[in-house]
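J.: Below is one structure. I have some questions about it.
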């Protein structure tokens with residue numbers, strides 16, 4: 001498979017991670033380098049590993065992955081988005097695992113939800129007998145870079161707005177809408 005095709009696939013797979021990173025940045029107007037690294041690293045890692053898992057699974061689980069992946073993504077994103085919306089109405093400003101999507105279960109849920117498409121791509125690479133090592137690296141690096149940029153972009157928009165609770169609600173709604181989009185595809 002030519003480099004440009006792998007690059008296009010990598011960018012397409014990273015769009016969910018980018019969009020979710022923007023939503024997270026909207027909810028976290030103060031994003032540390034450590035938080036940026038955690039989110040970018042985990043999104044990139046999951047995006048890189050899922051095609052490998054899909055490739056290894058081959059044809060045996062193809063129909064199950066295609067059937068349930070949209071539902072899994074929807075529930076994970078709806079859960080995190082719903083928590084963000086709920087917490088935007090709370091007056092307590094303490095940062096727990098849901099307010100900081102770069103920690104705990106929120107990070108795991110978001111990482112899995114953004115990378116399920118990559119699992120299906122790995123499955124298709126297996127079916128077409130394409131090698132998987134270079135695409136995994138390219139997909140992971142692209143997701144890492146676009147996640148970091150998306151987080152910065154969301155943070156920049158949030159800083160421009162003095163309505164951080166509204167930004168958090170918008171971020172939660174965006175996550176739920178992405179989940180619905182994945183469900184309805």
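Using N, Cα and C of the backbone, Cβ positions are placed for all residues, glycine too.
Reproduced below are the annotations present in Swiss-Prot:
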| type | residues | note |
| --- | --- | --- |
| TRANSMEM | 6-26 | transmembrane segment |
| TRANSMEM | 41-61 | transmembrane segment |
| TRANSMEM | 65-85 | transmembrane segment |
| TRANSMEM | 107-127 | transmembrane segment |
| TRANSMEM | 132-152 | transmembrane segment |
| TRANSMEM | 164-184 | transmembrane segment |
J.: May I ask for the residues of the chain that lie six or more residues beyond the transmembrane segment (107-127) and have a Cβ under 8 Å from a Cβ within it?
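T.: Hits for the transmembrane segment (107-127): 9, 13, 16-17, 20, 24, 38-39, 42-43, 45-59, 61-62, 65-66, 69, 72-73, 76-77, 79-80, 101, 135-136, 139, 143, 179, 182.
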J.: Near the transmembrane segment (132-152), which same-chain residues lie under 8 Å Cβ to Cβ, leaving out any that are not at least 6 residues past its ends?
T.: 1, 6-7, 9-11, 13-15, 17-22, 24-25, 28, 31, 35-36, 39-41, 43-49, 51-52, 55, 114-115, 118, 121-122, 125-126
